[in-house]
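One structure below.
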Amino acid sequence: MISAQNLVYSLQGRRLTDNVSLTFPGGEIVAILGPNGAGKSTLLRQLTGYLQPDSGECRLFNKPLNEWSITELAKHRAVMRQNSHMAFPFSVQEVIQMGRHPHRTGNQDNETAQIMALCDCQALANRDYRQLSGGEQQRVQLARLLVQLWEPTPSPKWLFLDEPTSALDIHHQQHLFRLLRQLVHERQFNVCCVLHDLNLAARYADRVVLMQKGKVIANGKPQDVLTQQALTMLYGADITVLKDPANHSPLIVLDH
């Protein structure tokens, strides 16, 4: 379980999170949605311990984040940021194996190979990470996070992803979310991601959190949260919300 109580954070006089309280029990994919500047990435950084709020508290497994050592926290949660640039010429395989850093044991070649296959990175193994496309880098970063959290097995782990599909083609978007569902169901992973694609959230998330101007304005199942009234008010766009005939999830369509 991860929880946030009364999170407040301001920067240059602007409230980026405004008295945010949330509890995620785990065993699900959570999508945080909202317009640009809503506070989504700021909230994610607070939930992961990378950003200390001005007031309020985050807990992981009922223990305050500031009471975890850096190493122990890294064994229980991993974070993909929006940008993961590197200045030095590491190969893809070397970048992925960096996920082993919190663990005392060395590189596990079989484990790394398995995860590279899961993330469709085998053909990239010997390439310079800096020369990859944005989508290829996102796949490599996901593999690095999985190496970081893969053991001990099984045990509850949290995976935080900030716009993980921003550079992925449609095939790899589908592949990513099918993999995340598999990890949730088979390996006790819990997933929290910031997304802009409403239909991906509607199709794959178990829970959706809507944010606006630093506040959480809705939190629940996609079919309860992603309504035409709520989304029109939140985004100011002309949309229609239909029902996907395949799985009855919301289907958001832009009006002409």
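Cβ coordinates come from backbone N, Cα and C, glycine included.
Taking all protein chains in view, 24 other C-beta atoms sit within 10 angstroms of the C-beta of Gly39 (ATP binding site). The ATP binding site annotation in Swiss-Prot covers Gly34, Pro35, Asn36, Gly37, Ala38, Gly39, Lys40, Ser41.
Across all of the domain 'ABC transporter' (2-238), the predicted model scores a mean pLDDT of 94. Swiss-Prot lists 2-238 with the feature domain 'ABC transporter'.
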Same chain, not part of Gly34, Pro35, Asn36, Gly37, Ala38, Gly39, Lys40, Ser41: whose C-beta falls within 8 angstroms of the C-beta centre of the ATP site? Give them in sequence order. Met211, Gln212
